[in-house]
């Protein structure tokens, strides 16, 4: 949030290709720090990793959109590229990388840092490809703009265009819920230390995400339904998916009733107030029936994540101005990072079901904001069409082509 926002925003001014190379170098250094047992060195590695993450989520996409437009390619191709990037990169490569890392650590006995060393090699190969094949592009390369002026310009662009503001809020709400889910799914499926196959479940999540990106590819390949329309359904479905841990667990109601004013109740036990599936209290063992229901919901959520990424990329390419693309995209990550930090800091203070309930509520709000974005986009499209029609009519109301 602190360092990454500044460094990521320099991509618009100093060049997106240069920022992508900086990502490779920064993350290689972050991987190298894993060899040190010193806490200060490891913390430096996390700072470098945070900077690299901001570059990863802004500079590459900004370079692609600018290069795509510069070459005059069909805008529809951009949507297909986004979908394939999520399918192959976030899905297939994530699975293969996990399997490869497992081979390095377990089969070849190279130690727990071996996957980081392998990542450094792949990053170096990627950096060579970038340096040898990419051309440079910029947002606003004017030398008279310092970083503060650039930030002010990006903030003004966000404030002036409600579509950009809504897009930033939607992204922060969804990604905040997604990153919180990353930390919660393991304890949610094994609340009593059940022996669950973490690797298999993670691979299932990645397959679900690949399925979602494949669905997005088909949706984006056609003019209807529009991305602003179907994303409302995606956010609503993801909200319902993350609500399953709440409705399959009665502890949330016990917590709520414990803080309400005491009142006489006819029942002697709270057990009669369970909602759907009572949680298991048996230590160890395999995944419970409640956990199986939650796992289905989590797979649905991951499918929604697979649809989300190429779709949000498509909307960002439509609504964010080119001259400040990286800066605005990093602005969006500020509330996201604040939310995740607060959520993780209080993760032990709040019951897990409360955390999932909050994420579900945020996703529901994202659906409402998406509805608003669709309405505004439709109004803007209608006005643009009216202007085009007016240009085809002379002052006396006679069509110019007639």
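Cβ coordinates are placed from backbone N, Cα and C, and glycine is handled just like the others.
Pulled from TrEMBL:
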type     : residues : note
TRANSMEM : 43-65    : transmembrane segment
TRANSMEM : 77-101   : transmembrane segment
TRANSMEM : 113-135  : transmembrane segment
TRANSMEM : 166-188  : transmembrane segment
TRANSMEM : 200-221  : transmembrane segment
TRANSMEM : 233-260  : transmembrane segment
TRANSMEM : 287-309  : transmembrane segment
TRANSMEM : 330-347  : transmembrane segment
TRANSMEM : 353-369  : transmembrane segment
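Annotation: stretch 166-188 has the most Cβ pairs under 8 Å to the transmembrane segment (330-347), among 43-65, 113-135, 166-188. Between the transmembrane segment (77-101) and the stretches 113-135, 166-188, 200-221, 353-369, it is 200-221 that has the most C-beta pairs under 8 angstroms. Within the chain carrying the transmembrane segment (353-369), a Cβ under 8 angstroms from the stretch's Cβ atoms is held by residues 166, 169-170, 173-174, 176-177, 180-181, 184, 188, 232, 235-236, 238-240, 242-243, 245-246, 249, 251-252, 255, 343, 347, all 6 or more beyond its ends.
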